[in-house]
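Q: The following feature annotations were taken from Swiss-Prot:
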- 911-934: compositional bias 'Basic residues' (COMPBIAS)
- 18-142: domain 'Toprim' (DOMAIN)
- 157-616: domain 'Topo IA-type catalytic' (DOMAIN)
- 1-20: region 'Disordered' (REGION)
- 191-196: region 'Interaction with DNA' (REGION)
- 746-765: region 'Disordered' (REGION)
- 842-892: region 'Disordered' (REGION)
- 905-934: region 'Disordered' (REGION)
- H48: site 'Interaction with DNA' (SITE)
- R167: site 'Interaction with DNA' (SITE)
- R168: site 'Interaction with DNA' (SITE)
- D171: site 'Interaction with DNA' (SITE)
- Y176: site 'Interaction with DNA' (SITE)
- W183: site 'Interaction with DNA' (SITE)
- R344: site 'Interaction with DNA' (SITE)
- R547: site 'Interaction with DNA' (SITE)
Amino acid sequence: MADPKTKGRGSGGNGSGRRLVIVESPTKARKLASYLGSGYIVESSRGHIRDLPRAASDVPAKYKSQPWARLGVNVDADFEPLYIISPEKRSTVSELRGLLKDVDELYLATDGDREGEAIAWHLLETLKPRIPVKRMVFHEITEPAIRAAAEHPRDLDIDLVDAQETRRILDRLYGYEVSPVLWKKVAPKLSAGRVQSVATRIIVARERDRMAFRSAAYWDILAKLDASVSDPDAAPPTFSARLTAVAGRRVATGRDFDSLGTLRKGDEVIVLDEGSATALAAGLDGTQLTVASAEEKPYARRPYPPFMTSTLQQEASRKLRFSAERTMSIAQRLYENGYITYMRTDSTTLSESAINAARTQARQLYGDEYVAPAPRQYTRKVKNAQEAHEAIRPAGETFATPDAVRRELDGPNIDDFRLYELIWQRTVASQMADARGMTLSLRITGMSGHQEVVFSATGRTLTFPGFLKAYVETVDELVGGEADDAERRLPHLTPGQRLDIVELTPDGHATNPPARYTEASLVKALEELGIGRPSTYSSIIKTIQDRGYVHKKGSALVPSWVAFAVTGLLEQHFGRLVDYDFTAAMEDELDEIAAGNERRTNWLNNFYFGGDHGVPDSVARSGGLKKLVGINLEGIDAREVNSIKLFDDTHGRPIYVRVGKNGPYLERLVAGDTGEPTPQRANLSDSITPDELTLQVAEELFATPQQGRTLGLDPETGHEIVAREGRFGPYVTEILPEPAADAAAAAQGVKKRQKAAGPKPRTGSLLRSMDLQTVTLEDALRLLSLPRVVGVDPASGEEITAQNGRYGPYLKRGNDSRSLVTEDQIFTITLDEALKIYAEPKRRGRQSASAPPLRELGTDPASGKPMVIKDGRFGPYVTDGETNASLRKGDDVASITDERAAELLADRRARGPAKRPARKAARKVPAKKAAKRD
């Protein structure tokens with residue numbers, strides 16, 4: 001590693017007294033320039049200016065013959081990396097060198113984490129300045145912070161640079177040694193990575209659990225009870241309670257069953273079926289129940305710590321439906337424009353000035369009683385103290401309220417505002433008083449025949465909201481649960497009170513498979529396992545999606561069959577490389593390098609070549625990564641790793657998913673015409689998730705003719721029309737006649753070229769309401785007629801068409817696409833209706849209707865329009881295109897009926913349009929000056 005203080009070998013210096021400040025981005029440069037004044041020139045490097053070669057063509061000619069050239073790391077010379085200036089950054093480097101000639105000092109003002117320190121070091125090594133170099137570090141972009149950083153620079157942190165370089169080299173060695181194994185044994189263009197492969201394994205392991213899961217059924221009774229019979233003033237007079245015990249034995253609930261549907265402790269609980277639950281309810285008919293006990297307890301809930309990187313990603317995913325990548329992109333903008341502090345941090349601590357700012361703001365907005373009696377300090381064990389900046393909070397010594405910044409961040413930047421508001425709420429709430437309330441637990445008894453039954457009800461009321469005035473934590477929709485401020489009121493009852501039974505409902509349940517990971521829950525899992533670092537989570541999640549290992553279904557992360565094959569290969573032949581504890585241990589050792597407690601050369605040598613000790617003990621002692629790959633490569637059976645056994649059919653024949661070059665397919669051996677075992681195959685659509693591939697589904701796919709089901713002839717062309725199951729779902733297509741060609745031409749390959757250059761058959765994906773086994777010729781011809789010309793826009797003269805795409809039905813006018821609510825609209829929408837859609841402002845991101853509906857329902861009897869269920873910011877909702885109504889607790893997307901959907905819409909219309917809460921009259925307080933913004 002070069003000495004950062006090296007001078008006299010590059011450009012710079014003319015006695016002008018000016019300073020050059022280099023940052024990563026133009027936005028950051030403009031902001032700093034506005035604060036530093038004319039004595040400083042602020043320019044950006046636009047990210048990293050050099051890196052390891054990305055491809056063989058990037059390797060300089062003099063190194064191409066070296067055995068290590070493909071790695072870009074000289075493994076025989078202390079793992080010296082080969083850095084090249086990125087082609088697109090050469091002009092930037094030239095500009096920076098030119099600016100150095102007119103200044104007397106260089107300030108490297110890149111971010112203060114590993115990555116920022118590395119960028120600063122690369123700038124130093126590339127520019128080779130002959131003038132004094134200083135490292136300028138700040139964690140928020142406000143005028144006081146920037147001026148303080150310029151007045152108190154520090155030296156470059158070489159330990160931090162070493163840590164980043166070690167990670168970069170490690171990831172290069174891991175990726176460039178293991179990825180070629182995947183190319184040879186699974187498929188081209190795949191990649192392996194130190195963290196991405198483990199993240200993929202976590203998701204695959206969860207899907208395996210779902211595939212092995214067996215649901216268990218159980219019943220109980222939901223009772224609606226009336227307390228007014230013994231207390232006319234009871235409030236509320238009616239409430240619900242659930243059956244919890246019969247004849248002294250606890251009634252089984254979902255948590256009493258394991259993942260295979262077996263009772264964990266069968267002798268301690270009673271499992272009710274529909275018949276026994278119905279009989280118990282009948283036995284209670286005409287009786288009263290009695291309050292056996294009523295226990296009321298106070299509770300208090302402390303506020304949550306301010307955000308760090310991982311918790312911001314999790315909560316933005318849950319509350320705002322942002323991906324981890326989107327969250328970090330918006331946070332980067334907010335930071336660079338001076339709205340928040342640095343967004344890559346493992347810390348939950350606040351500075352003294354930030355604590356005072358939060359407490360002052362809470363007092364002004366909510367009153368003295370809402371502020372914690374003493375400042376709250378949040379500490380946690382930080383993996384790397386050198387990266388432990390302050391928590392993510394609003395920038396400045398006084399915080400700009402959401403109302404104050406709304407005007408600046410509204411409109412096209414509304415997502416920036418929403419994330420700022422979330423950060424502001426969490427920060428202010430962290431210094432507020434506890435939320436307080438009461439819980440009430442009721443135990444209610446009765447007799448069903450000769451058996452004593454026990455019902456239970458639990459209520460919760462909030463007596464003092466405390467920090468919940470500012471911030472309410474949400475829950476992951478796929479996991480279930482209630483938000484912090486959810487209340488359930490019960491009447492205040494005393495033992496011995498009699499209760500009338502209003503209604504008894506035998507209630508059936510089934511255990512659910514473990515929920516798939518969402519981006520939020522995957523980030524939480526990675527953090528709990530100590531795998532990766534919060535600053536890398538968003539890029540890891542993006543990578544595993546870009547590589548085709550994972551795709552999203554709603555907000556859930558679903559693994560592909562390729563991910564199953566890759567994970568299986570790595571587990572079987574490179575088990576330690578995807579072991580959770582091993583990967584976490586590597587992270588800890590890399591942090592030791594950052595702290596200066598470990599030499600990176602020794603560590604890399606043990607990992608790559610082997611040794612007697614070091615982080616990767618099992619890898620080091622087996623000869624290192626290089627030997628591990630060499631030994632295993634030839635022994636890997638490609639067919640075996642690309643074969644995932646599902647189950648046996650009813651004849652005991654194993655059914656496999658095979659991962660082929662054209663996608664996954666099903667296969668089993670059946671008796672052929674000669675009696676010999678013959679492979680039977682079936683196309684496997686990507687739309688079928690692994691846990692949905694049951695024996696019944698497999699048999700249906702095997703029964704589907706692979707050449708497709710013939711529907712008939714197109715009366716216009718005479719071409720045969722068939723329906724097929726494809727990789728991307730069921731579709732219809734036409735069979736074109738073979739082009740004519742004489743034998744001589746065919747022998748020379750002309751026929752093959754004619755076919756390639758000839759007309760392509762028309763195809764059309766089936767609508768969601770269609771089924772491969774029942775689709776008709778008429779349906780197919782309608783699909784093949786798309787896109788349908790709706791008409792011509794009289795204003796622009798452009799043609800408007802209705803089409804069906806990967807993300808659902810949509811309109812297209814030139815380059816402007818607008819989503820439709822239902823697939824039927826493709827064939828029914830009129831020009832006037834289309835023009836109305838185009839007259840509305842185009843909505844962006846989650847506000848747009850680009851995502852297909854979760855489910856299509858029937859027609860709403862009130863509006864006469866089709867109803868669909870869509871995925872919205874606050875969860876699933878039903879809409880007829882005019883009225884939106886959120887699904888309520890107990891409503892299930894898969895089973896909700898047309899009648900229930902219409903009921904929700906009718907109820908929403910009856911309540912009228914949503915109204916904004918009236919502003920409270922605020923006490924007059926002296927106005928605080930917000931941080932200066934340009």
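Positions of Cβ are set from backbone N, Cα and C atoms, glycine also.
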Q: How many whole Å apart are the CA atoms of R167 (site 'Interaction with DNA') and Y176 (site 'Interaction with DNA')?
A: 14
Q: Average pLDDT across the region 'Interaction with DNA' (191-196)?
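A: Computed over the region 'Interaction with DNA' (191-196), the mean pLDDT is 94 on the 0 to 100 scale.
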Q: Counting other CB atoms within 10 A of each CB, which of the recorded sites R168, R344 comes out lowest?
A: R168
Q: Look at the recorded sites Y176, W183 and tell me which residue has the greatest number of other C-beta atoms within 10 angstroms of its C-beta.
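A: Its Cβ has the most other Cβ atoms within 10 Å: Y176.
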Q: At a 10 A cut-off on CB-CB distances, which of the recorded sites H48, R547 has the highest count?
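A: Sorting the candidates by Cβ neighbours within 10 Å, the top entry is R547.
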Q: Restricting to the chain of D171 (site 'Interaction with DNA') and a gap of 6 or more, list residues whose Cβ falls under 8 Å of its Cβ, or answer none.
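A: In sequence order, the residues whose Cβ lies under 8 Å from that of D171 (site 'Interaction with DNA') (at least 6 apart) are G193, R194.
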Q: In Å, rounded, how far does the Cα of H48 (site 'Interaction with DNA') sit from the Cα of R168 (site 'Interaction with DNA')?
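A: Checking the Cα atoms of H48 (site 'Interaction with DNA') and R168 (site 'Interaction with DNA') gives a distance of 13 Å.
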Q: Counting across all protein chains present, how many other Cβ atoms fall within 10 Å of the Cβ of R167 (site 'Interaction with DNA')?
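A: I count 22 other Cβ atoms within 10 Å of it.
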Q: Between the Cα atoms of R547 (site 'Interaction with DNA') and R344 (site 'Interaction with DNA'), find the distance and write it as a whole number of Å.
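A: So the Cα of R344 (site 'Interaction with DNA') lies 25 Å away from that of R547 (site 'Interaction with DNA').
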